[in-house]
C-alpha cells in the first residue's frame, strides 16, 4: 500500500510540472548556491521523472556528460538542477542533502543526491528534478515542498589542470561543457598524468598519476581523492 501511495503522489507531482512548462517563467531562479553559503536549509521544490524506482538510463550523458549514472559513485541518486544549482555545468557532480518539509508525510531524513543534468522548469527558485529512486528515498507520499541543504564540502570545480610525468608544469584544461574538460596541444602528451582540480572555495586537490601511461578514451580512472 505504501508503494502504491508513493507512485500515485509522484505522478501528481510530474503532472504539476507539465502544467507549468509552457509560456514565460513563472518563478525566477534564486541566487547561485555556493560553498560559502554554509549549512542553512533552503526552501526548494522537488519533482520526479522516469520510472517509479528508476535509476536513470544506462547511457545518460545529459547536460553533464556522465554515463552509467545507475552505478557507483552515483547509484541512481541523481537529479537535474535549475540554473543556481547547475551553474552552466560547474555544478555537475555537486552533492546536496534534501529532505521533506512535512515530517508527518515524509521521513524527515536527509538523503544525498548528485547533480548530473540540468532543467529549466520555472516552478521554483531552487528546483530538483529527481530520478524516481532518489525521489522515493526522500518522500513517503510525494509532497513537492522540500527543504535542501548544501552538503558540507566544497565540490564545484572551477579549474582542471594536468601534469606530465617528470614535468613541473601544470597545463590548464578548457571546459567543453558540463563535466567535460579538454586540452588542445600541438604535440602528444605522455602519461602518466597527475590531475589538479581547483574548487570554487579555492581548495586545490591533486591526484598523483591518476591517468596512466597508455590511457584510453572513454575510460574511467579512479583518483581516490575528494574535496574536504
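Glycine too: its Cβ is placed from the backbone N, Cα and C atoms.
Now, the feature entries from Swiss-Prot:
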{"type": "DISULFID", "residues": "64-92", "note": "disulfide bond"}
{"type": "DISULFID", "residues": "100-106", "note": "disulfide bond"}
{"type": "DOMAIN", "residues": "61-172", "note": "domain 'Expansin-like EG45'"}
{"type": "DOMAIN", "residues": "142-223", "note": "domain 'Expansin-like CBD'"}
{"type": "CARBOHYD", "residues": "32", "note": "N-linked glycosylation site"}
{"type": "SIGNAL", "residues": "1-22", "note": "signal peptide"}
Secondary structure tally of the domain 'Expansin-like CBD' (142-223) (DSSP, helix then strand then coil): 0 helix, 38 strand, 44 coil
Cα distance (Å, whole number) from the residue listed as 'N-linked glycosylation site' to residue 106 (disulfide bond): 27
Rounded distance in angstrom between the Cα atoms of residue 100 (disulfide bond) and residue 92 (disulfide bond): 23
Mapped DSSP class for residue 92 (disulfide bond), helix or strand or coil: coil
Distance [Cα-Cα, Å, rounded] between residue 92 (disulfide bond) and residue 32 (N-linked glycosylation site): 13
Which of 64, 92, 100, 106, the listed disulfide-bonded residues, has fewest other Cβ atoms within 10 Å: 106
C-alpha spacing of residue 32 (N-linked glycosylation site) relative to residue 64 (disulfide bond), in angstrom: 18
Cβ neighbours of the residue listed as 'N-linked glycosylation site' where a neighbour is any other Cβ within 10 Å: 16
Three-class DSSP secondary structure - the residue listed as 'N-linked glycosylation site': coil
Collapsed DSSP category at residue 106 (disulfide bond): strand
